[in-house]
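Encoded as structure tokens, the structure appears first; notes follow it.
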Amino acid sequence: MSTFANHPAPATRSWKSLALIPALAAAALLLTPEIGRADPPIDQVYNVYCAQCHGLKRNGTGVNLPGLSVRPRDHTDSKGMGDTPDDELYKAIKEGGLAVNKSVLMPSWGAVLSDKQITEMVKYLRTVCHCGK
């Protein structure tokens, strides 16, 4: 019995690999923003990207809390949020916590969110904390 009996011939493997190309192309199209497509509402963006740590109640009690060494910011805290300037919130979201001398556990979202979305997020956080500036 040949040791290659259970392995398809190289030509067969190539055709199977080629079959993945349309699937990968379709996935890329699904993940690429459409030109002219409206951004989702900012509260939904928060639910997708922020709530895991900051919580659905926006109070720093997300599902990731037990695994974190630092408690995430409570976005409902009027005093704490009110003391933080908009440009610092923007920078923390865009570049991550370390960029504003906060927790390294806060990731940078600049490669995921547009500048417009980050600006909208800062405005949204001001409504959450009832501390608009």
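From the backbone N, Cα and C atoms, a Cβ is placed for every residue, glycine too.
Automated prediction, rather than curation, is the source of TrEMBL annotations.
The annotation signal peptide is assigned in TrEMBL to 1-38.
What TrEMBL records for 37-129 is domain 'Cytochrome c'.
Summarising the annotation, TrEMBL assigns region 'Disordered' to 64-85. Under DSSP, residues within the region 'Disordered' (64-85) fall into helix, strand and coil as 8 helix, 0 strand, 14 coil.
Taking Cβ pairs closer than 8 Å, the compositional bias 'Basic and acidic residues' (71-80) reaches residues 53-55, 57-60, 62, 64-65, 102-103, 105-106, 125, 128-131 in its own chain, all 6 or more past its ends. Annotation source TrEMBL lists compositional bias 'Basic and acidic residues' at 71-80.
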